[in-house]
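Structure, as structure tokens:
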Amino acid sequence: MCTADGGRGFLGSPRTSQWGGETARATPSARRWLAPPPFPHSYSSAPRRGGAQSRLAPVPSRVRVQGGPRAMASALGAFWLLLAAAFLAALLLELLQAPCAGPGAGLFQDLTRYGKTKSGRGQRPAWLRLLDVPKRWFSHFYILSVVWNGFLLLLLIQALFLSRPFPIWLQDLLSAIGGASQNQDVGDKHLSALLVLLLLWLHSFRRLIECLCISVFSNGVIHILQYCLGLGYYSVIGLTVLCQVPANVSNGKDLFMQICWYHILGIMMYIWASVHQHRCHVILANLRKSKSGKVVSLNHSIPFGDWFERVSCPHYFAELLIYVAMAIIFGFQNITWWLAVMFVLFNQALAAVLCHEFYVNKFSCYPTHRKAFIPFLF
């Protein structure tokens, strides 16, 4: 990567002019005009596949965009927007009771419901039951996330602190799905991306431990497409973080000098939401356990305590807050991440509405003051 400051690129390779000479050997005026602008995830000026050197048109450094991050068109942004729109449509259809009749009603309900909300719909066609997988396979999502996003986190740490390049295949992938990178001069985005990817990995690790050691799964099922969506989600979410990393990176040893107030706020909100989500998962698990910790029942009961006093699905609400906290760490202005948050919002809201409906229909004494998803609002 060639930039005007004459330093080292994101991957630690010497910066070169378009004629192959190092910019450090050029005059200041030559460096200013020869240095092409940073391109998204083209972190090195080293030869690519086939030995061909990337040829970038020289652009004056003074035309580089200044100011806050700007939204750029990308396949990744379109992906999150499409998913968010699909789940918003499903949520609205459910709230309007539109799918109650019609030839596609059964399939719609099968694709949007899982676990207890699916089992409460009565007998389902045999061909639909063939597409079921156990709900306990939720743990596969977190196994994938711990391994894959942990791998991406390791690569990012090596790039920031050891000047090791991302693999060529990863550079190509990020360029393909990420489109144009956002403002290259915002140095604290490197710290933001590192913090978000670390917190995402910690979240997945905690959820994996909860699935394996705390949660008590019944014989509930999920649709195979829901299962594939979960695997795809945790495969893409880490790449979404890396796509927010600008190409020109300063010395990683000075990274934590870039810390801002919104990093602190986001981390505090993340911890707060994670603690409450964990408590809610423990409450749900204890409904099926004796005081000694032995599983005694797989039936459903009314949960009480912590945020359950306000909403039927506080663990879903906490999930939303966790991703909002990560958006705060990105400085509030990262459009791509907010699109991912929109998907989480509508996805969790749909699940909460269906779960709330199940509780209300099953228990005549269910607390009437509880909302489904967001305290006092929804």
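Along the chain as shown, the residues are counted starting at 1.
Note: Cβ is positioned from N, Cα and C throughout, glycine not excepted.
Residues annotated as region 'Disordered' in TrEMBL: 1-38.
Taken from TrEMBL, the feature compositional bias 'Gly residues' applies to 1-10.
The annotation transmembrane segment is assigned in TrEMBL to 71-93 (among others).
Positions annotated as transmembrane segment by TrEMBL: 137-162 (among others). Long-range contacts of the transmembrane segment (137-162) within the same chain: residues 10-12, 43, 170, 190, 193-194, 197-198, 200-201, 204-205, 207-208, 211-212, 217, 222, 227, 230-231, 233-235, 237-239, 241-242, 245, 249, 252-253, 255, each at least 6 residues beyond the stretch ends and with a Cβ under 8 Å from a Cβ of the stretch.
Long-range contacts of the transmembrane segment (221-243) within the same chain, counting only residues at least 6 positions beyond its ends with a Cβ under 8 Å from a Cβ of the stretch, are 40-41, 74, 76, 79-80, 110-111, 114-115, 118-119, 131-135, 137-138, 140-142, 144-145, 148-149, 152-153, 156, 170, 173-174, 177-178, 181, 193, 196-197, 200, 204, 336-337, 340. Summarising the annotation, TrEMBL assigns transmembrane segment to 221-243 (among others).
Through the fold, the transmembrane segment (255-273) approaches residues 160-161, 187-188, 190-192, 194-195, 199, 318-319, 321-322, 324-329, 331-332 of its own chain, all at least 6 residues removed from its boundaries and within a Cβ separation under 8 Å. TrEMBL lists 255-273 (among others) with the feature transmembrane segment.
According to TrEMBL, the domain '3-oxo-5-alpha-steroid 4-dehydrogenase C-terminal' annotation covers 261-378.
With a threshold of 8 Å between CB atoms, the same-chain residues lying at least 6 positions outside the transmembrane segment (320-346) that come near it are 68-69, 71, 74, 76-77, 80-81, 83-84, 87-88, 90-91, 182, 186, 188-189, 192-193, 195-196, 199-200, 203, 237, 240-241, 243-244, 260, 262-263, 265-267, 269-270, 272-274, 277. What TrEMBL lists as transmembrane segment is 320-346 (among others).
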Suppose you look only at the domain '3-oxo-5-alpha-steroid 4-dehydrogenase C-terminal' (261-378); what would the mean pLDDT be?
94
